[in-house]
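Feature annotation from Swiss-Prot assigns active site to K291, R365. The Mn(2+) 2 binding site annotation in Swiss-Prot covers K279, D284, D302, E363. The Mn(2+) 1 binding site annotation in Swiss-Prot covers D284, D361, E363.
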Amino acid sequence: MTALTLSTAAAPGLRADAIVIGVAKGAGGPSVAPGAEAVDKAYDGRLAAVLETLGASGAEGEVTKLPAPSGFKAPVVVAVGLGAEPEKDAGFDPEALRRAAGAAARALAGAKKAAFALPLAEAADAGVVAEGLLLGAYSFDAYKASAKEAKEAKGAKAKANGNGKAPLAEAALLGGKPRDKAYKAAIERATAVAEELNRARDLVNTPPNDLDPEAFAAVAQAAAKEHGIKVQVLDEKALVKGGYGGILGVGAGSASGPRLVKLSYTSPKAKKSLAFVGKGITYDSGGISLKPAGHNETMKCDMAGAAAVFAAVVAAARLGLEVNVTGWLALAENMPSGSATRPGDVLRMYSGKTVEVLNTDAEGRLVLADALWAASQDEPDAIIDVATLTGAMMLALGSRTYGIMANDDAFRSAVHEAAEESGEPAWPMPLPEHLRKGMDSPTADIANMGERMGGGLVAGLFLREFVGEGITWAHLDIAGPAFNEGGPFGYTPKGGTGTAVRTLVRVAELAAAGELG
């Protein structure tokens with residue numbers, strides 16, 4: 001991962017491959033953002049005019065490269081768009097800074113060192129810039145020959161990106177205060193969160209032949225040991241003994257057995273406890289209700305919820321948050337075979353309720369149901385589950401926004417605010433009571449399907465049935481933004497995105513501070 005430093009050095013004398021500056025979109029054309037004064041001065045105050053001549057407007061995500069002025073030790077200036085120029089005395093939007101830093105980091109793949117002269121009015125700005133560039137520098141090429149060649153050429157720690165270039169090796173943030181505790185803390189937080197989010201991306205991007213439930217559980221065990229997190233793994237025998245019918249039913253058709261992983265981070269100063277529950281379908285074929293052909297290769301991402309939960313728990317431990325956080329990873333592979341669960345089968349869940357399976361491709365809610373009930377037994381102050389659950393949510397909110405449902409409006413609002421503060425687009429969704437009747441079953445206590453319209457909300461209502469009485473709960477349906485099938489943008493790569501990690505970490509921080517809901 002890119003090495004970060006805070007520097008008080010002046011841009012002209014800094015040895016680097018490039019100087020990154022910000023450009024805002026003003027009413028009369030592009031304007032040079034604070035932090036780039038030395039660069040602008042070297043252009044005799046005409047940098048904005050030069051950029052406009054080159055076609056730059058300051059639009060968000062725009063990247064323009066130009067030769068550095070005479071006397072600069074860095075040969076190139078990289079101007080990144082920050083979007084609309086803020087009003088007088090107002091700072092730049094944190095997400096605009098985050099995305100600009102990410103876009104610059106992507107543009108600088110292959111560079112050894114870059115200096116970022118972006119607006120750092122306060123420590124929080126340093127944190128979001130650091131987070132953006134660390135996330136933007138991410139790449140996943142472990143399975144490419146070009147990656148192996150680049151690794152051998154640049155050393156064991158190098159990791160190539162798609163064009164054979166290693167990610168930006170080092171970044172110096174100019175204008176920060178290296179000795180200021182607030183700045184140091186902001187950088188440390190950004191580093192921990194970004195590293196764990198990138199770990200979640202790695203898991204989502206890993207081919208399913210290398211990441212089955214057992215392999216995922218092993219990754220969690222190794223990380224738990226490294227960071228002092230207690231871990232418990234229930235294998236098939238333990239799941240049978242415990243009566244986890246939902247997880248077992250989903251995994252019944254696969255040669256790779258299911259797992260339920262419990263990660264427990266505890267703080268001696270904690271006054272609150274949270275449980276995060278993640279859907280971890282390491283590959284989703286749909287089971288007997290087989291998915292149609294087309295884009296099935298992306299179904300490796302159906303464990304993105306579990307990856308987000310795993311990353312968030314580890315990040316909480318690394319940050320030493322004063323809150324107890326338990327992560328539940330419900331891991332299974334949904335495959336068709338002679339032993340697979342059939343439409344019409346009835347499963348007895350861990351809670352004791354029975355579920356009639358009308359569609360085996362509505363499997364995520366089955367593994368989550370068992371994990372939610374297991375999490376409820378610890379009586380946490382709140383539970384949040386994360387899942388790539390329904391295509392209906394994608395139709396409702398698109399590919400970049402996830403939906404939030406909850407059994408408490410105030411808690412739903414608090415989670416939504418945490419998502420916004422983290423830079424993760426989300427939207428509150430209802431749980432209409434009239435939709436519950438559609439899941440009535442003549443055979444079992446409830447069916448795993450209901451009305452076709454409002455399918456994302458129906459799924460939320462199903463999950464609510466398995467949350468312990470009196471426990472505050474929220475459900476994040478991340479089906480849209482969990483996997484980016486388009487081109488990279490800002491700090492978001494193609495493939496796994498790590499959606500919801502930052503929201504969960506922010507929720508944990510708020511709980512630790514006694515400010516959640």
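Glycine is treated like the rest: Cβ placed from N, Cα and C.
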Residue from K279, D302, D361, R365 whose C-alpha is spatially nearest that of K291 (active site), among the recorded positions: D361
Additional residues surrounding Mn(2+) 2, by Cβ distance to the K279, D284, D302, E363 centre under 8 Å: V250, G280, I281, M299, M303, A332, N334, G364, V367, A387, T388
Cβ-Cβ distance under 8 Å to E363 (Mn(2+) 2 binding site), same chain, at least six residues away: V250, I281, D284, G287, A332, N334
C-alpha spacing of D302 (Mn(2+) 2 binding site) relative to D361 (Mn(2+) 1 binding site), in angstrom: 12
Under 8 Å by Cβ from K279 (Mn(2+) 2 binding site), counting only residues of that chain that are 6 or more apart: D302, M303, G305, A306, A330, G364, V367, L368, D385, V386, A387, T388, L389
Among K291, R365, which are active-site residues, the residue with the most C-beta atoms within 10 angstroms of its C-beta: R365
Extra residues within 8 Å (Cβ to Cβ centroid of D284, D361, E363), Mn(2+) 1: V250, I281, S285, G286, G287, S289, K291, D302, N334, T360, A362, G364
For K279 (Mn(2+) 2 binding site), the three-state class that DSSP assigns: strand
